[in-house]
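As recorded in TrEMBL, the features of this protein are as follows:
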- 31-49: transmembrane segment (TRANSMEM)
- 69-87: transmembrane segment (TRANSMEM)
- 107-128: transmembrane segment (TRANSMEM)
- 140-159: transmembrane segment (TRANSMEM)
- 190-209: transmembrane segment (TRANSMEM)
- 218-235: transmembrane segment (TRANSMEM)
- 247-271: transmembrane segment (TRANSMEM)
Amino acid sequence: MFDPMVLIEYPQIDPVWFTIPTPFDGVGLPIRWYSLSYIAGIVFGWWYVARLAMQPGSPMAKRHVDDLVTWATIGVILGGRLAYVLFYDSGRFFGPEGSLGNIVRVWEGGMSFHGGAIGVILAIFFYCRSQGLNWVRVGDYVCCAVPAGLFFGRLANFINGELYGRPTDLPWAMIFPSDPLQTPRHPSQLYEAALEGLVLFTIMAVLFWRTRARYQPGFLAGTFLLGYGSFRFLVEFVRMPDAQLGVLGWGLTMGQTLCLPMIIAGLYLILTAKARRERIDPIAGTTAQQ
């Protein structure tokens, strides 16, 4: 039995931070928290990876980081959107009443992290091939910054009142305004912000700054894939499945299903990292300050 007296009140925050006025009457350009979360993640990632690239044994120079952020941004947007279209809501785009034109309507929501991750991996691979860089080691450095972007993104999901959890009677349950049933639910966006964001960022930072993990190509990337895949898989048990999909025939959600290859790939990269170890010049700034 739900007791409304023990619920935590959902903070009403307008999804639109502010609106930029335009010359057209009644028409403004809304700046949404969700858009700001992407900007914050990209800017922080740019700064943080550039800082990592200044450390001994870096696989790239700062100028590479400056170029790579553009490639990665394109990869995350294209990959995230296309994967959402294919795996989560294909009927909206390819169904009898759907429209391919909806694919470009990113502002209406609909991004897949798994697709964004694939997009970034491809961007790193092709950019590094063009520059003669070790794409696995560059991926290690990029993965250290990704949890921060996840943290900002999950907070934006919470502000939007979307991707909320399943019904619960726990003391920290919340009623989300967008929930048609108005039922107390897990604030699963905050669980993910904490686990996929803060906890995973801390793990990656400790491994980079306090160990020699960065000298084992693939170890940091594998840790990220394993960590994200595991945390997301667990949170999906209390997160509400996508309405258009529900729980799939094999008893898992789409999110859990897509996490399994990530977990396997992460374990593989970790277990084989020492075999890929190469001689790395431990002198800071040989290329990092270009």
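If you go along the chain as it appears here, the first residue is 1 and each next one adds 1.
Glycine is no exception: its Cβ is also placed from the backbone N, Cα and C atoms.
On a predicted model such as this, the values are computed, not experimentally measured, just so you know.
Between the transmembrane segment (140-159) and the stretches 31-49, 190-209, 218-235, it is 31-49 that has the most C-beta pairs under 8 angstroms.
The stretch from 31-49, 190-209, 247-271 that makes the most Cβ contacts under 8 Å with the transmembrane segment (218-235) is 247-271. Residues 13, 15-20, 65-66, 68-69, 72-73, 107, 109, 141-142, 144-146, 148-150, 152-153, 155-157, 159-160 of the same chain lie 6 or more positions beyond the ends of the transmembrane segment (31-49) yet place their CB under 8 Å from a CB of it. Packing against the transmembrane segment (190-209) from elsewhere in the chain are residues 52, 143-144, 147-148, 150-152, 154-155, 157-158, 165, 219-220, 223-224, 227-228, 231-232, 234-235, 238-239: each is 6 or more residues past its ends and has a CB under 8 Å from a CB in it.
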